[in-house]
DNA sequence: TAGATTGTTAATCGATTAACAATC
DNA sequence: TAGATTGTTAATCGATTAACAATC
């Protein structure tokens with residue numbers, strides 16, 4: 001592992017994409033893949049893929065390409081998915097429940113192992129094999145189960161408070177579904193998963209409404 | 001509206017963020033905001049905010065800043081949210097149901113008005129005020145309700161087929177929650193909302209597991 | 001007027017892509 | 001060997017940030 005250069009976020013964010021495509025190829029019994037083939041599949045420039053991977057080591061063979069299973073194991077290692085990572089979810093509403101049931105992260109060794117909520121109606125509720133716990137139990141459970149990542153699916157107004165509690169419990173990373181900008185200590189990394197941003201920005205690219213011509217169409 | 005320059009995706013994707021922060025300020029009865037204040041709130045460079053907005057017009061006043069409600073109305077117009085936009089959702093599983101109930105897009109004039117699924121168990125099911133419809137009814141409903149955006153929440157394996165059907169029905173934009181790369185005609189724009197990417201890339205930034213020292217820590 | 005803040009140009013920074021020697 | 005494809009350097013492209021005149 002070289003790691004001397006700081007690796008940019010853009011690169012890291014592409015690694016799960018590579019993993020996803022490689023897993024698909026692996027299921028299709030494909031042994032070897034070139035950066036060109038992978039690029040076609042993912043709509044990315046082959047040079048970019050090669051450069052991204054080269055930050056972490058020499059995984060390919062000139063004239064041949066990349067061995068699919070070998071590359072999978074390498075990327076899994078880089079993303080620290082070769083060891084199990086426990087996740088806590090806070091906010092047992094519709095979205096939270098959906099994510100708990102989804103649990104397709106298991107293949108990737110990520111697992112939601114505890115669910116928390118503030119509301120008396122929710123506490124004690126059964127989701128999958130988990131019982132919804134009160135927030136008071138957060139810190140103890142995080143320590144007991146060595147939970148390292150927290151998912152926030154509470155309403156926007158409550159998100160900051162939950163983030164504080166997660167940070168206090170010693171969590172290292174937060175995936176935030178609430179449309180709110182969280183302030184956290186530098187030891188905690190926050191990734192944003194609010195899809196409303198994606199949905200609203202999608203609207204920008206719609207054609208100007210054809211029913212009305214009060215906006216002159218000048219291109 | 002100037003629009004002669006092609007506006008970059010990065011800029012467009014920040015507009016919903018601005019809108020979100022401005023809405024918050026508006027609820028807090030704030031009349032006016034400077035790019036600096038907004039930048040602090042959103043963790044963005046003030047110059048970037050000014051530049052972004054300047055692509056679309058002169059919305060601020062030198063020495064004063066931006067009028068909050070005026071800027072909200074301008075951004076809503078740019079994002080085409082000043083007219084209602086109807087959305088269809090395909091895939092009435094856990095996640096799909098959660099998104100239907102969520103429906104907090106209403107304030108933003110986006111509304112899920114129809115839900116579709118393939119599975120006999122799901123068809124006819126009631127979600128909110130909507131009845132889950134079979135896929136056969138997709139095209140007719142899209143036309144009847146002037147639906148312009150589709151949300152895909154089906155399993156990965158079915159995503160491409162659904163995308164084809166949405167494109168065929170005349171949808172203009174797709175928000176895809178499935179971890180799959182969709183091939184669509186150029187008339188359709190796809191935005192990706194698969195949070196597993198964000199979750200997995202979060203793992204990269206975790207501290208090396210402190211329990212084991214089989215990896216020498218060389219910084 | 002003095003202080004604040006915009007809109008915009010120029011400078012910087014970083015990320016993507018092209019090109020190619022090395023080599024399977 | 002000839003063809004394919006990597007790893008990597010150099011060139012390009014685009015996005016962010018700094019700086020400042022204009023002006024409220």
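Glycine residues also receive a Cβ, built from the backbone N, Cα and C atoms like all the rest.
Quick look at what TrEMBL lists:
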| type | residues | note |
| --- | --- | --- |
| DNA_BIND | A:17-56 | DNA-binding region |
| DOMAIN | A:80-181 | domain 'CoA-binding' |
| BINDING | A:91, A:92, A:93, A:94, A:95, A:96 | NAD(+) binding site |
> If one looks at the chain holding residue A:95 (NAD(+) binding site), which residues at least 6 apart in sequence have a CB under 8 angstroms from its CB?
Replying inline: A:153, A:177
> Taking CB atoms only, which of the binding-site residues A:91, A:92, A:94, A:95 fall under 8 A from chain B?
Replying inline: A:94, A:95
>> Limited to the DNA-binding region (A:17-56), I'd like the whole-number average of pLDDT.
In response: 96
> DSSP on residue A:95 (NAD(+) binding site), three-state: which is it?
Replying inline: helix
>> Taking 10 A as the limit, how many CB atoms besides its own sit near the CB of residue A:93 (NAD(+) binding site)?
In response: 16
> DSSP helix, strand and coil counts for the DNA-binding region (A:17-56)?
Replying inline: 28 helix, 2 strand, 10 coil
> Around residue A:92 (NAD(+) binding site), which residues of its chain at least 6 apart sit with Cβ under 8 Å of its Cβ?
Replying inline: A:100, A:115, A:116, A:117, A:119, A:122, A:125, A:127, A:132, A:153
> Tell me which residues of the chain lie with their Cβ under 8 angstroms from that of residue A:94 (NAD(+) binding site), as long as they are six or more apart in sequence?
Replying inline: none
